[in-house]
Amino acid sequence: MTVRRTGRMPWAHRLGRAGWAAVLVALYLFLLAPILVVLVESFDDATYLRFPPQGFTFDAYGQVFANESFRLGIQVSGVTAAVTALLAMIAGVPAALALTRLRFRGRSAIEAAFLSPLLVPHIVLGLALLLILAPIPLTDTYWGLILAHLGVTVPYVVRTVSAALMSADPRAEEAARTLGASGFTAFRRITLPAIRSGLLSGGVIAFLLSFDETVISLFVSGQNTVPLPVAVLQYVEYRSDPSIASLSVLLVLLSVVVVVLVERGLGLRRSLRSG
Amino acid sequence: MGDTPHLVLSGLAKTYPGADGAAVRGIDLTVERGRILAVLGPSGCGKSTTLRLIAGLVAPTAGRIEVDGRDLTDVPVHRRDMGVVFQSYALFPHLDVARNVAFGLEMRAVGKAEVKRRVGEALELVRLGHLAGRRIAQLSGGQQQRVALARALVVEPSVLLLDEPLSNLDARLRSTMQDEIGRIQRETGITTVFVTHDQQEALSMADSVAVMNEGRIEQTGTPQDIYERPARPFVARFVGRANMVEGTSRGRDGERTLVELPGLGKVPAAGDPVETGRPATVMLRPHRIALAAAAPESGGARGTVLSAAYAGETVAYRVRLGDDGPVLDVERPTGSEASHGPGAEVALSWDPEAPRLVADPS
């Protein structure tokens with residue numbers, strides 16, 4: 001009897017793989033179906049939200065940019081998110097350095113404090129921030145929004161930068177010092193490049209989180225500075241038309257574009273995974 | 001070269017804040033120009049801290065560091081002019097080989113053309129000229145070690161400091177790099193201090209060896225001094241293998257001290273004399289003891305083989321002296337002489353230089 005060599009896998013094996021693929025597809029469909037519904041609905045020509053849609057038009061996208069509260073909201077959220085991301089990066093690096101490189105009394109308590117905004121419900125944080133910011137008064141201002149957003153974004157920067165620092169050799173900075181670099185030069189020339197991708201992915205996460213932040217913003221914003229998510233909420237309180245769906249699609253696109261750009265250049269996934 | 005003190009440590013001590021005891025408890029060391037000093041000791045003995053103190057990476061609690069008579073104790077690390085090769089090599093992963101080596105020169109604001117020339121020379125010195133454009137991650141462990149050496153040497157530091165330079169390499173590469181570091185040190189003539197826990201490395205590479213234990217220097221001397229004339233039991237045990245037999249001094253016998261040892265009778269031992277009647281410890285290296293089948297009527301030291309372990313080039317015996325005396329390790333070369341199985345009665349002998357008196361640390 002001769003053994004036939006074929007490149008084929010045993011049929012049971014192939015069936016198993018097909019089964020796995022089916023499960024994965026079903027899982028992704030379950031996760032993405034709502035977004036798909038929104039995407040389809042964003043091209044409807046009705047003046048109210050309905051599913052399935054009956055017509056096809058790009059009008060809803062035009063309406064997003066025609067709506068002044070949306071335009072202002074995009075501006076408020078954009079500026080807030082950019083400044084928040086920048087400040088979160090500036091604050092996150094020294095915090096991560098201290099938490100990973102120094103040993104001091106209460107280090108783990110401070111580490112826990114840095115991560116606690118991720119655990120406390122945003123509605124509690126929002127209320128607390130309202131009580132603090134109202135008397136200053138910083139409610140309904142850019143700086144109030146930025147301060148509030150920093151609380152929930154700095155922990156992410158601390159995390160991504162700490163992960164990068166942990167995988168970098170602390171002796172490299174010492175080596176630079178022995179070669180004649182001052183403390184600052186050694187940090188800038190050796191440590192900063194080593195944590196660059198962690199820092200930038202932390203910044204991108206901070207930007208996206210801030211741009212998307214709703215609950216806390218709801219508490220600390222007022223009539224003058226209304227970030228986009230709050231503007232959307234106010235809009236759908238009275239109306240529901242496909243322009244909301246179009247706006248949602250645009251927001252998803254923004255996230256995807258930013259993440260893909262960063263992933264291409266920096267390996268966002270890698271720095272998140274090592275965290 | 002030689003004989004003029006170049007690096008001098010005096011009373012150097014370091015206690016880390018919050019630590020139980022001192023890491024370094026007041027050490028005095030002198031390294032002559034162009035020589036290699038090995039600081040040898042078990043892990044946690046303070047040898048790495050000593051190296052970091054010299055480099056300026058940690059500040060001493062007490063004591064002085066001088067190079068060429070100049071007090072460097074308070075000079076910050078980046079102005080100290082020490083070449084340091086770290087145990088992990090600590091190369092800069094985002095820079096290529098040439099840029100790694102160039103770093104120290106850039107910090108010294110050396111002109112572009114000269115940087116290029118000196119980086120080239122340094123890479124030739126460590127025989128890596130062909131890899132100048134490589135990324136660090138593409139290099140083997142031995143090549144990374146050479147880059148670290150070139151990076152430290154290119155700035156022509158006054159002293160070269162190596163922290164466990166061979167510990168991250170496999171056995172075969174270790175002996176190659178041992179020769180390479182020796183060659184590079186001879187070619188550059190740079191005063192060198194290296195830290196190691198490996199006694200073979202220390203004995204074969206260094207001009208002098210300082211044996212450290214618990215933050216103190218137990219003994220400083222040439223490799224021969226350290227191995228053949230250990231001043232203390234710790235040195236005898238840590239550097240090479242040693243039988244330590246405790247007995248009582250029975251006075252002088254010419255140049256030597258007679259020591260009454262259990263199972264051996266009176267043995268003449270060289271070394272600092274011990275007063276008659278005082279306890280004395282005698283060291284006997286396992287390979288300096290010869291074994292022969294015991295003839296029934298012969299005198300001298302006799303014993304019974306407890307075990308014999310074949311190890312290729314040598315056989316390691318455990319021999320009990322007399323009927324209930326101490327157990328000695330004996331190491332004999334294979335091939336040239338008869339072997340002895342467990343239970344065999346053997347006569348032990350050694351040349352008169354072999355037994356050494358070793359003072360107790362008290």
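Don't overthink the numbers, they just go from 1 along the chain as shown.
Glycine residues also receive a Cβ, built from the backbone N, Cα and C atoms like all the rest.
On a predicted model such as this, the values are computed, not experimentally measured, just so you know.
Looking at B:249-286, B:325-362, the stretch flagged in TrEMBL as region 'Disordered' turns out to be B:325-362. Note on the domain 'ABC transporter' (B:7-239): its mean pLDDT in the predicted model is 93. Break the region 'Disordered' (B:325-362) down by DSSP state and the numbers are 0 helix, 15 strand, 23 coil.
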